[in-house]
Amino acid sequence: MDERREILAAVLGGNTEVLAALERDHARMVEASLDSNADDEHDPEGATIAFEREQLTAALTRTRAARERILAATAELEAGRYGVCVTCGRPIAVERLRARPLATECIDCARLRPR
Ligand SMILES: [Zn+2]
């Protein structure tokens with residue numbers, strides 16, 4: 001298998017697993033909040049629960065956004081544009097893609113652009 005394809009497939013696989021786990025947790029959380037009549041504001045546990053909900057929702061949002069980027073990169077791969085530096089048009093080193101699968105610039109261009 002093409003190395004670039006392999007890298008993206010691995011990232012997508014990892015994202016799918018994380019997303020599935022987060023969605024399970026989220027469904028469980030929604031279920032739990034429907035089951036209980038806990039008064040979040042006056043229950044001493046309420047603040048913790050609210051914080052955990054926020055964390056979970058934020059993680060879900062991040063993971064879904066990452067998935068969008070991975071799917072976009074997969075479309076680029078199909079179009080033969082994945083792993084090509086958007087700035088100089090040269091191929092991005094496979095070692096760099098392994099470390100940063102969604103990198104859009106080669107190491108040389110990225111170094112010239114302080115972030
Ligand atoms: Zn470049």
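The backbone N, Cα and C atoms fix where each Cβ goes, glycine too.
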Tell me which range among 60-84, 85-109 TrEMBL lists as zinc finger.
85-109
Give the residue counts of the domain 'Zinc finger DksA/TraR C4-type' (80-111) per reduced DSSP state, in the order helix, strand, coil.
11 helix, 2 strand, 19 coil
Averaged pLDDT score, the zinc finger (85-109):
95
